[in-house]
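J.: Submitted below is the structure of interest, expressed as structure tokens.
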Amino acid sequence: MVLSATDKSNVKAAWGKVGGNAPAYGAEALERMFLSFPTTKTYFPHFDLSHGSAQVKAHGEKVANALTKAVGHLDDLPGTLSDLSDLHAHKLRVDPVNFKLLSHTLLVTLAAHLPSDFTPAVHASLDKFLANVSTVLTSKYR
């Protein structure tokens, strides 16, 4: 799914509003995912998955940093996320459906924190962006 110029602008503007809250929002999205989709916990058997866990916060920050990097390279997501794609496909062997689940909980988190900025157009653009990120992260599973 190709991001239009409007999509790219919406994604950059929305992520700009996230700003320094990105690590906290990443952790919150992970917590939402673990609560809403308990099977996702199986990929984190060594984590303390309780609310406010330092491990969840640290992984949320990794997720947020990867997305921030992706937002800065919207025209080269495959090149930008290649290492993460290798990691998730070959070492971690994460079921591809989990990227969709995290994308969903991230959208919910952003909508909750940025209600006036989370217009239908921004929602659609962020959804397309996260779908593209998910596609790239699962591209090396074949």
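Every residue gets a Cβ built from N, Cα and C, even glycine.
Per Swiss-Prot, the features are:
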| type | residues | note |
| --- | --- | --- |
| DOMAIN | 2-142 | domain 'Globin' |
| MOD_RES | S4 | phosphoserine |
| MOD_RES | K8 | N6-succinyllysine |
| MOD_RES | K12 | N6-succinyllysine |
| MOD_RES | K17 | N6-succinyllysine |
| MOD_RES | K17 | N6-acetyllysine |
| MOD_RES | S36 | phosphoserine |
| BINDING | H59 | O2 binding site |
| BINDING | H88 | heme b binding site |
| MOD_RES | S103 | phosphoserine |
| MOD_RES | T109 | phosphothreonine |
| MOD_RES | S125 | phosphoserine |
| MOD_RES | T135 | phosphothreonine |
| MOD_RES | T138 | phosphothreonine |
| MOD_RES | S139 | phosphoserine |
J.: Would you pick out, from the modified residues S4, S103, S125, S139, the residue whose Cβ has the largest number of other Cβ atoms within 10 Å?
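T.: Of the modified residues S4, S103, S125, S139, the most buried by Cβ count within 10 Å is S125.
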J.: Based on Cα coordinates, which of the following modified residues are within 10 Å of H88 (heme b binding site): S4, S36, T138?
T.: T138
J.: Looking only at Cβ atoms, how many others are within 10 Å of the one on T135 (phosphothreonine)?
T.: 16
J.: Would you mind sorting out which of K8, H59, T109, T135, T138, S139 (the recorded positions) have a C-alpha within 10 A of the one on K17 (N6-succinyllysine)?
T.: none
J.: In whole Å, how far does the CA atom of S103 (phosphoserine) lie from that of T109 (phosphothreonine)?
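T.: That comes out at 10 Å between the alpha carbons.
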J.: Helix, strand or coil for T138 (phosphothreonine)? Use DSSP.
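T.: In three-state terms, T138 (phosphothreonine) counts as coil.
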J.: What average pLDDT is reported by the model for the domain 'Globin' (2-142)?
T.: 94
J.: Going by Cα-Cα distance, which of the recorded positions (K12, S36, H59, S125) sits nearest to T109 (phosphothreonine)?
T.: S36
J.: Ten-angstrom check, please: count other Cβ atoms within 10 Å of the Cβ of T138 (phosphothreonine), all chains counted.
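T.: If we count other Cβ atoms within 10 Å of T138 (phosphothreonine), we arrive at 19.
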J.: Of the modified residues S36, S125, S139, which one sits closest to H59 (O2 binding site) when you measure Cα to Cα?
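T.: Its closest listed neighbour, by Cα, is S36.
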J.: Taking the Cβ of each of the recorded positions and counting other Cβ atoms inside 10 Å, which one has the highest number: K8, K12, K17, H59, H88?
T.: H88
J.: Have a look at the modified residues (S36, T109) and report the one with the fewest Cβ neighbours inside 10 Å.
T.: S36
